[in-house]
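What Swiss-Prot records for this protein:
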type	residues	note
LIPID	S1	O-palmitoleoyl serine
DISULFID	C89-C104	disulfide bond
CARBOHYD	N90	N-linked glycosylation site
Amino acid sequence: SGSCEVKTCWWSQPDFRVIGDFLKDKYDSASEMVVEKHRESRGWVETLRPKYTFFKPPTERDLVYYESSPNFCEPNPETGSFGTRDRICNVTSHGIDGCDLLCCGRGHNTRTEKRKEKCHCIF
């Protein structure tokens, strides 16, 4: 009787958290660029150059941008953003629902409510 060996190779994705952390690091260290137009023999050419020359230039693996993100803290009908004013936030959270981040440093008002509701409890 003969023997048979099977060898299987595959690529697997890292955990979603690992990918998210990697992208967040890239986002946090992204380089702002400026679009420069110059004339060459084939016409006008646009190139990107770093806005700030005192930082090291980005590599091919770095994230770059040439337009700033809109300010989502304030209402902007052009982008459809309602802003964050009057939103409910979580005072104890340091995440995206936390008051420090959601209120964009404007501070927040704390409101305590007492409600009287019928609970339809059966004892």
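Quick reminder: no glycine exception, Cβ is built from N, Cα and C everywhere.
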Rounded Cα separation (Å) that holds between C104 (disulfide bond) and N90 (N-linked glycosylation site): 13
Cβ neighbours within the same chain of C89 (disulfide bond) - under 8 Å, at least six residues apart: D97, G98, C99, L102, C103, H108
Three-state secondary structure, N90 (N-linked glycosylation site) (per DSSP): strand
Cβ-Cβ distance under 8 Å to N90 (N-linked glycosylation site), same chain, at least six residues away: D97, G98, C99
